[in-house]
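What follows is a structure written as structure tokens; I'll ask about it next.
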Amino acid sequence: MQVVERHADPEWNLMDYLRRNLSLTGTKYSCGTGDCGACTVMISKYNPDTKKIHHYSATACLTSICSLHGTAVTTVEGIGSIKTRIHPVQERLAKCHGTQCGFCSPGMAMSIYTLLRNHPIPSTEQLMEALGGNLCRCTGYRPILESGKTFCEEPTVCQLQGTGKCCMDQEENQYSLNKKEERMAEDPQKKTLYFHGEKVLWISPVSLNELLELRMKYPTAPLVMGNTTVGLNMKVKGEFHPLIISPIGLPALNFVDFKDDGVTIGAGCSLSEMKEILTHAVSEEPKEKTKTYRALLKHLRTLAGQQIRNMATLGGHVASKHDYSDINPVLAAGKAILNLISKDGERQILIEELFTTPSLKEELRPGELIFSVFVPHSRKWEFVFSYRQAQRMENAFAIVNAGMSVHFEEGTNIIQDLKLFFGSVGPTTVSASKTCKQLIGRQWNDEMLRDGIRMVLEEIFILPTTAGATVKYKKTLTTSFFFIFYLSVKKELHELEQRYPDIPETSISALEDFPIKIPEGREMFQCVDPHQSPQDPVGHPVMHQSGIKHATGEAVYYDDIPQVDKELHLAVVTSTRAHAKILSIDISEALKFPGVVDVITAKDVPGENNHEGEILYAEDEVICVGQIICSVAADTHAHARQAAEKVKITYEDVEPRIITIEEAIEHKSFMFEEKKIEKGNVDKAFKHVDEIIEDEVHVGGQEHFYMETQTTLVFPTGEDNEMVIFIGTQFPTHVQDFTAAALGVPRNKIMCHMKRTGGAFGGKVTKPALLGAIAAVAAHKTGHPIRFMLERCDDMLITGGRHPILAKFKVGFMKNGKIKAVDIQYFTNAGCTADESEMVLEFIVLKSENAYDIPNFRCRGRACKTNLPSNTAFRGFGFPQGTLVVENYITAVAIKCGLLPEKVRDMNMYKTPNTTAYKEPFNPEPLLKCWKQCLEKSSFQSRRTAIEEFNKKNDWKKRGIAIIPMKFTVGVPHTSESQAASLVHIYQDGSVLVTHGGCELGQGLHTKMIQIASRELKIPSSYIHLSETSTTTVPNASYTAGSMGTDINGRAVQNACQTLLKRLDPIIKKNPKGKWEDWVSQAFSESISLSATGYFRGYKTYMDWEKEVGHPYPYFVYGAGCSEVEIDCLTGAHKLFRTDIFMDAAFSINPAVDIGQIEGAFIQGMGLYTTEELKYSPEGVLYTRGPDDYKIPTVTEIPEKFYVTLVHSRNPIAIYSSKGLGEAGMFMGSSVFFAIMDAVGAARRKRGLMEPFTMNSPATPELIRMSCVDQFTEQIHRDDPSTFKSWSIHVS
């Protein structure tokens, strides 16, 4: 369809326009900063010169609506729909089980679709690149990639008659412009475009001359093309520009000119186009001329994601002078020239001249702009290299990057010219110019290297308060990069002239970057009994119930529901202080803001403002940064947020301000009583051991980063104080409870609905209750429907996450590695209120022995009360943090005894039926089965031998491998919290409606419930529908958490179905050959009820903490995971080569769903232990509040080989002998952590460091690099911490 917008506002972005103005809600909001890919669309532009259409993926959240004149925008609705025809991309994404919560699925589909429009049969490398800018928190990426691989050069689907096409493919009508659209795209009238918004004027000039005139007239107005910097800063930093000049599409700025001495690239070319240009140059020119191009291409592959590279322009990137720029240091090192233009004429400057002044404005004359960039060919005796290290491989700002070049005197190794440029070490790119001058004339040898490193360290000054990584790490990277540069050039010199010495064989791997390869997977699970009825779906890998709707964007999330009349949007005002008195709240300016209806504070809460210790609105005191003080209700989301910024809060700080666990221990700031379990005589045992190790381990927290932020819609009915709430939650009953308490009404007046939510992972157990109550109070006060959706930055600030922990352990053992005694004490950072912290602490303590039979064992735990937002439930519920400590001391024992960690693990593992430390009996047979199969089928021993050989031959790359056992538990220690109910209706046409108390979070719960109902009623799944969870149909439902969703709700659904089938049994016996519809019709005619409730009383569990005895969990889930990694000792980067997981699944109701849960949990666990690092200021301010700062794994982080096996066993306590597997895979991610630790240990032994060591989590590049102690780390002077205030602190 053609869209004409006559009142386009420059402040409108495409995502909001699609969702609000055109009701195209398939494009999802997740981060709002262009980093997650959920809002990916395809933009198509017509090139009148080539008569071709150029397609590219883009993030709608950063695309200004004013930049789209004459373009075609394709959203997920435009490629396929269940109402018409789904596209093969959508179909395969769903059928390959590539959707779980489904919130990222439309963006994934659009990235693959755009790739196919440009490359109908893409390579796997192109597929990986296309998905590099899309995040997924559920699936672990493998099934998404599998769906994409079916379109690649080597498809994995059926091939029709050898054509390479799938038999299910349908011909697709390739989009083309009609004559009218072609004329519009060409814009024959060449009119300048003016867009007058509410506050901003947007001008798109039609010619270069007009652009220069505008530039002269409005020298401070930003030039916007991709909008990846200006648009982002306007949103995130609150920058305001009354006038924006956009030369987007101006042919004069979008060109390429190949010459004999180099290539000139127009400033308007996108970074993706620049990549294509340089790739072409590399393919056409001899190697010696393309060294700069290859250095640039290396960084262009991983800079941002594909969508941002498609949008960002070369000129904009250079002009922004980002300190983290990956391109500018390389351009400077390659002696690139900036072509500037103004009304007064043209001139040229070397790009390196930009970095001698703090602002580009000081370099540019009035009215001047960047016209193009000339990148010269490299020369025979010139070498150019680039380096970068980031928190993860792709789509992450560099911690430090560098561009380096050297030119030698012809036929010699004497330096004629040297360029060293570094990024992320200062306010912009920094040149080590003094070092370069001093080294000119020197020979390229080891003496020059030593002097060069010393000079670089002296010249590159990094402030101790610099944001990001520590100064010591940044300085280490600068010297490490120089060392790699030295080796690279030395090897090149040797290849040019054999008389120059080559580098040692053991150093060659230091020059090799980790490759980006398409992963391969293998999933093994049980076969269904051949005697099972063909229509019985239990045990089959059934596709997610909503999979197709996920992929087409037609699965409805609550912010997708159309706005209703008089609806208001809510935005919150949060505390900027960690602990302070509130002296005043001035809302006067906010109330005057356009569109504002009201401001809601604590005094407006008609019922309880503090319910069960959780505070809706701070009143007299704030106890953390991010605590909600008041909220603003306005006609639009933008107006509400802007008005919220007008609220003025006056504070008076209160002491103590407690941020870290150490501070809490110092002030004795604890919640609850100490939790303790003990067996044997620990103190006595320590007197009779050979060795004792005492140490501590810190495990950082984790952000849930569900793709859909917290979202609530509240509708006051207007009578009887009723409120209807649509909310993404794991616990509708809790939302109902908090809302009723806040409004001072009975619960039966609150109707809470939950259809689906875009991921949860524990983050939507308790928090939605607080936020839902806040929205309901606003609806009560204003009388209007309220839409309350948190921006990503606010969600991360307000809602807390996984508990950081500090553990102190003492372990006593014999010289043969047998552990005799352990004393371990855990401290968790609970935050400012209780939330779920007591149960999390209980779980940590109860599960603290993992798989090990320690005869004398004591574990204690305390929850620390701090001035941080309350931490809450998270997948694994404390087990991933607590058990990492256990495996750390196992590893320490192995190092001390000179044994391999796997031997010490095996030696101390439970081997026979036994009891836990809290006297619960169990049989470890499934554990040993998983352990044995993992060792054998992963070829562990042969790989261990190969790794040892590799490590002997390589000084600067080391490999590691680890195998980790797991004894996990499902459920909770309280019987009442595992009860469940259901309601099943059979309608007269034979169709069935199932309702239960569990919530669909993406884990396939509804899919499994349909499978269970199908088996019990003996009817096809197609007869059964499951719509939503609601407090109006199933009251008092427990939370969906603890891996027990299928266990308890499945029992309830089974119970209801069996009741119905029992009622139908007499009718069936009378007419055994009849059809289901006949039996139902007859039952109705005989007045037999076709509706039944089902109920499950819950597992009988308990824990007596006084006696330290109990049966807190109904059963155990066992597993073993093996991972192999390679680390770069010079940078701290790591690469995950292979992971094997063997999980005790008993009998899987749906293997596809269960394997998806295991893989997704594994990748989430891997993120916890490696890339996901929360950073706080000393004042308690969370810095990492979005995907630009907080790095969950991307498609490039998953294992190159990813093998998952479901191991069969028996579990008579659960439905169909199944087991809950939603969380168990999380800890398997620790196998990556300990493989890294194994590799680090190899590096340390190489340096003569033989003593045991522990590693804190996460194992970030910084931790890995600084643990690999060498001559470079030892040269770094550490600033006296008493002389400055650190930028960030660890709160564990």
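Every residue, even glycine, has its Cβ placed from backbone N, Cα and C.
As annotated in TrEMBL:
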DOMAIN    1-79  domain '2Fe-2S ferredoxin-type'
BINDING   C31, C36, C39, C61  [2Fe-2S] cluster 1 binding site
BINDING   C101, C104, C136, C138  [2Fe-2S] cluster 2 binding site
DOMAIN    195-380  domain 'FAD-binding PCMH-type'
BINDING   L223, V224, M225, G226, N227, T228, T229, V230, D326, R388  FAD binding site
BINDING   Q730, F761, R875, G1042  Mo-molybdopterin binding site
BINDING   F877  substrate binding site
ACT_SITE  E1223  active site, proton acceptor
DSSP says what for the domain '2Fe-2S ferredoxin-type' (1-79): how many helix, strand, coil residues?
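Counts, helix then strand then coil: 16 helix, 21 strand, 42 coil.
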Can you work out the mean pLDDT of the predicted model over the domain '2Fe-2S ferredoxin-type' (1-79)?
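Average per-residue pLDDT within the domain '2Fe-2S ferredoxin-type' (1-79): 94.
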Can you give the largest Cα to Cα distance in Å, as a whole number, for the residues Q730, F761, R875, G1042 that bind Mo-molybdopterin in the record?
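Per the listed residues, the maximum Cα distance equals 12 Å.
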Please give me the recorded positions out of C61, C101, T229, E1223 that lie within 10 Å of R875 (Mo-molybdopterin binding site), comparing Cα atoms only.
E1223
Reported as an integer number of Å, what is the Cα distance between C31 ([2Fe-2S] cluster 1 binding site) and G1042 (Mo-molybdopterin binding site)?
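Per the Cα atoms, C31 ([2Fe-2S] cluster 1 binding site) and G1042 (Mo-molybdopterin binding site) stand 28 Å apart.
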Given the binding-site residues C36, C101, C138, find the one whose Cα is closest in space to the Cα of N227 (FAD binding site).
C36
Can you tell me which binding-site residues out of C39, C61, C101, L223, T229 are within 10 A of F761 (Mo-molybdopterin binding site) by Cα, answering none if there aren't any?
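Checking Cα-Cα distances against F761 (Mo-molybdopterin binding site), none of the binding-site residues falls within 10 Å.
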Only counting partners 6 or more residues apart, tell me which same-chain residues put their Cβ under 8 Å from the Cβ of L223 (FAD binding site).
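Listed in sequence order: R215, I245, S246, P247, G315, G316, A319, L369.
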Based on Cβ atoms within 10 Å, give me the single least packed residue among the binding-site residues N227, T229, Q730.
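If we count Cβ atoms within 10 Å for the binding-site residues N227, T229, Q730, the smallest count is at T229.
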For G1042 (Mo-molybdopterin binding site), which of the listed binding-site residues (C36, C138, M225, D326, F877) have their CA atom within 10 A of its CA?
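Of everything listed, what lies within 10 Å of G1042 (Mo-molybdopterin binding site) (Cα to Cα) is F877.
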Show, in sequence order, which residues other than C101, C104, C136, C138 on the same chain lie with their Cβ within 8 Å of the centre of the Cβ atoms of the [2Fe-2S] cluster 2 site.
T99, Q100, G102, F103, S105, R137, T139, M707, G758, G759, G1002, G1160
Between the residue listed as 'substrate binding site' and Q730 (Mo-molybdopterin binding site), how many Å separate their Cα atoms?
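For the residue listed as 'substrate binding site' versus Q730 (Mo-molybdopterin binding site), the Cα atoms are 14 Å apart.
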Just the number: how many Å between the Cα atoms of C104 ([2Fe-2S] cluster 2 binding site) and C61 ([2Fe-2S] cluster 1 binding site)?
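Here the two Cα atoms are 14 Å apart.
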Spatially speaking, which of the recorded positions C36, C136, T229, D326, E1223 is closest to Q730 (Mo-molybdopterin binding site)? Use C-alpha to C-alpha, please.
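Closest by Cα distance to Q730 (Mo-molybdopterin binding site) among the recorded positions C36, C136, T229, D326, E1223: E1223.
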Within 10 Å of C36 ([2Fe-2S] cluster 1 binding site) (Cα-Cα), which of the binding-site residues C101, C136, C138?
C136
What's the CA to CA span in angstrom from C138 ([2Fe-2S] cluster 2 binding site) over to the residue listed as 'active site, proton acceptor'?
12
Including all protein chains shown, what's the count of other C-beta atoms within 10 A of the C-beta of C31 ([2Fe-2S] cluster 1 binding site)?
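So the number of other Cβ atoms within 10 Å of C31 ([2Fe-2S] cluster 1 binding site) is 23.
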